[in-house]
Amino acid sequence: MVKPDGVQRALVGEVISRFEKRGLKLIAVKIYRIPTDIAERFYGEHKGKHFYDSLIRYITSGPVVCMVWEGEEAVSVVRAMMGKTNPAEAAAGTIRGDFALHPGRNVIHGSDSEASAKREINLLFNDYELIDYKRIDAEWLVE
Ligand code: IDP
Ligand code: MG
């Protein structure tokens, strides 16, 4: 998910382009203004932490772009391409390492496991919004 700062800073195309070129397949995408109740469920694991209230304000402060990317080891591949939560510590070449400075404005969210991906996709998408198709370059991406 490109967070509100990423949308306002016109980084949506850059983020999509990186995942696309890596070989991941985009199977769902939408711009969405997350309602507070969905944001609270989305970030439920962080309730009670010192940054929770500001995190909910941040993620509901403007539209986000939600995406579902499919591919080999998609969760760990995307997490590696995102970089560390604190962009000041994120490696150059990662999205956070190239485009962000502060954890409260770190441009992108990515699921941290298959189980959380399923949960988050269910919160943000209807089943009919996930599109099954084959990329024309599929056989050039996977042996
Ligand atoms: P992740 O996004 O890399 O999975 P999490 O630990 O799940 O990181 O935290 C969720 C989000 O909460 C982060 O992406 C960041 O926006 C925010 N966050 C986490 N830790 C801090 C902090 O120490 N200060 C401010 N915001 C934070
Ligand atoms: Mg997380």
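Glycine is no exception: its Cβ is also placed from the backbone N, Cα and C atoms.
Residue environment of His109 (active site, pros-phosphohistidine intermediate) contains 18 other Cβ atoms, counted within 10 Å of its Cβ in all protein chains. Annotation comment: TrEMBL describes His109 as active site, pros-phosphohistidine intermediate.
In the three-state DSSP scheme, Arg79 (ATP binding site) is classed as helix. Here TrEMBL flags Lys3, Phe51, Arg79, Thr85, Arg96, Asn106 as ATP binding site.
According to TrEMBL, the domain 'Nucleoside diphosphate kinase-like' annotation covers 1-132.
Here the binding-site residues are Thr85, Asn106; the one with the fewest Cβ atoms within 10 Å of its Cβ is Thr85. DSSP assigns Phe51 (ATP binding site) to coil in the three-state reduction, placing it in neither a helix nor a strand. Of all the binding-site residues listed (Lys3, Arg79, Arg96), Arg79 has the fewest other CB atoms within 10 A of its CB. Counting every protein chain shown, 12 other Cβ atoms lie within 10 Å of the Cβ of Phe51 (ATP binding site). A distance of 15 Å separates the Cα atom of Phe51 (ATP binding site) from that of His109 (active site, pros-phosphohistidine intermediate).
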